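Comments concern the structure below.
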Amino acid sequence: MLFNSLNFALFIPVVFLLYWFVTNRNLTFQNILLLVASYFFYACWDYRFLFLLIFSIFLDFYTGHKIHSAKRQAGKKFWLWLSVGVNLGFLGVFKYYNFFAGSFTDLLSHFGFRASFTTLNIVLPVGISFYTFHGLSYVFDIYRKRITPCKSFVEYSVFVSFFPLLVAGPIERATHLLPQIQQKRIFDYDKAVDGLKQILWGLFKKIVIADNCAEFANMIFNNPAHYPGSTLVLGALFFTFQIYCDFSGYSDIALGVARLFGIELLRNFAYPYFSRDIAEFWRRWHISLSSWFKDYLYIPLGGSRGNTWSRIRNTFIIFLVSGLWHGANWTFLAWGALNAIYFIPLLLSKRNRTHIDVVAKDGRFISIKEFFQIIFTFGLTAFAWIFFRSESIGAALNYIRGIFSRSILTIPTGASLSGGSSNPVTIIALTVIFILMEWAGREQLFAIAKTGLKWPKPLRWTFYLTLVIAIFYFCGIQQQFVYFQF
Amino acid sequence: MKKFIATLSVFTVLVVAVVYICNRNYYPTGAKGNDGYIGAIVDKHAYAAKIKLPRILFCGGSNVAFGINSKRIADSLGIPVVNLGLLGSLGLDFMLNEAKAVARPSDIVIVSPEYELSVDGAHTLKKEAQRIFPQAGTYFKTGLEQFITDFFIEDLQKNFAVTLAHLLHRPQKGFPTNVVYSRSSFNQYGDVVRNFTNPSKDFFTKVKLNYRPYAGIKNLNSFKDYADKNHIKVFFLYPGFPQSLYKKSLKPINAYADEFDRELKIKILIKPSDAIFPDSVFYDTEYHLLPSGRELRTDKVIALLKKEKLK
């Protein structure tokens, strides 16, 4: 059930009405409703994997209690590693088995050995990377005594499988979400309206910008040899906006839907393309994953303490693991490595925390220096996305080779570039409008959070109506959310 | 909560109203929009309505539109012929319902679907046929999901653009009328007769036929039951197919033939192997015959139908 589907548009009002009108007097009933709705939502993808999800929930719930009740440290460690081992084992089998088996075979054949590992025809369970990380953060936090185990299985299950975040995050923390699930929720008009606005903005990003950019990005990335360098640059830019609007659009919808149910989820994006350096970009992109890796991997490894070598090592580890988290392909590792290379000079020169605040805060005008910093960072990011989007390292290198040819100085063309259902000029114009709206709203939780609040109501409603009509009008070929494959 | 639901309801009504207004299509494309290939549906039905019974109705996709000389068949058999064949993408269900709507007792229907022909077809094309020929709306069903998608997205996208073009004084481009895929390419019987130039043979390298159990058999058998009840004769005819592709696709074609032999209630007039023609007589797809190919196929059809006691 996609967020941008009719089924979801019917599913949400039903759950909303039952939640606030039927089960509102009893917290347990409300949580049971959320759990049933979440399982139903997940079963719509593939009911067989529901059992894997439930098993994972049960495992972490049980081991969480065992870690807490174990008298000796060795016992605590045993239960922690059992949970980590089983969780990562599932992730390894479903997501990485074929990649590692294939890569190992290639490596052996490179040295003249013949080996054959059976590759498995494995279907990746939707959301496995996300719910596995939810569960792991819970057991880690119990082990570190940050939280005590949740007493109610229903509450814990809702924490892991709450449907807005189940398939593509944000990756929640027990310290943040569990207390909200354990507390009685009271309907808040302003919060609900804000939620709707965030859903609207998320849909706009996904349907109007991401899906239309995807059409051209796919066209160009699938046949890079057919296009001049300038068109390949355009293709990389289309993908840069596709990936951002797709994933941040999803996150906006997830956050908005959760708000309708009185629950606040972690913010996942904070205008990353307005970052002035890569360190700032990584504080603003997929925040819930970056902070997860920081808390549970980077800091335990020593973080930015220690000597230069260990800082470089830790940085590389976290970026490579982050790349691998996205998928079992060398291209994701290359993308992670490239970002590590971008990041290390800032870390070593201790300039990785220079830009903490939002750029041009309090509505001040952007300086020329800041403008060029943003353009430079954006360029680095767009370049790295080429690896992320390409099918293989070779394809990415060919794409880059195609860009840095004489044809980069030509006007972007390509016979089939005009073959899509939308006009590329229209999509570029819409993207520019989108960037301006994001810029105007860069100090808000999401770009249109406060847009028009001081306008007369008819004007404000006209603005929302325009967004709705734009969503319908520019609705092209429905594309799956990119992050569902992770 | 009440305030929230009330506000949301008002907003939803407003959205529906705005979309409804946009969809009213204040500046309908009118006749200008009917010159395209699908526009021929109007002429085919008009011709079918004015000729006397019994008639031979050819039903199928573009293999029929491009593949027979209706006049020669009519002259040879002494029975008027209507070629209802238009476009495979309309789907088998649409075609059979169209044939049901046209056929009368004593008529003869010859069904000639393409291999792998979809039962449902493409909704957009069916809607286009309905726009040009409103009765076509009864040849297919629109589910709730499709209805909502049509209302909020498909219709809005079409009508909004038309309305906007008129407001901006930019008249929409009409369909070109001097190309093969236009309404003017059909003769009065419903055959595509325009002179074809520069046939492209690119498709020979791209075609790959696959066998999948044919979902349309149920529809074909149900059509046969309907025809029997209404004293309509029905026959099944394989589409014409290029020789080289036939050799390449022998396995799936034989699988289809076995399935039809086993399960189809309609009498099959010809074997797939008897419906192959030289590659040189095909135009731009494996089903579109050039005029020379059309005559070859027509010879075969006449010979086959003469064996049947049609009168």
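Each Cβ is built from the backbone N, Cα and C atoms, and glycine gets one as well.
Curation plays no part in TrEMBL annotations; they are all automatic predictions.
Predicted, not measured: the structure shown is a model, and the values here were computed from it.
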- Where TrEMBL places transmembrane segment among the ranges A:111-133, A:226-248, A:272-294: A:111-133
- Long-range Cβ neighbours of the transmembrane segment (A:78-99) (under 8 Å; 6 or more residues past either end): 52, 56, 59-60, 63-64, 66-67, 70, 119-120, 122-125, 128-129, 132, 135-136, 139-140, 143, 324, 327-329
- Item | Folded-back contacts onto the transmembrane segment (A:153-171), same chain, C-beta under 8 angstroms, at least six residues removed | 28, 31-32, 34-35, 37-39, 41-42, 45, 53-54, 56-58, 60-61, 64, 126-127, 130-131, 133-135, 137-138, 177-178, 181-182, 247, 250-251, 253-255, 257-258, 263, 265-268, 286-289, 292, 481, 483-484, 486
- Query: So which residues does the transmembrane segment (A:34-58) touch in its own chain, when a touch means Cβ under 8 Å and the partner is 6 or more beyond its ends?
  - Reply: 1, 7, 11, 15, 19, 87, 90, 123, 125-128, 131-132, 135, 153-154, 156-158, 160-163, 166-167, 261
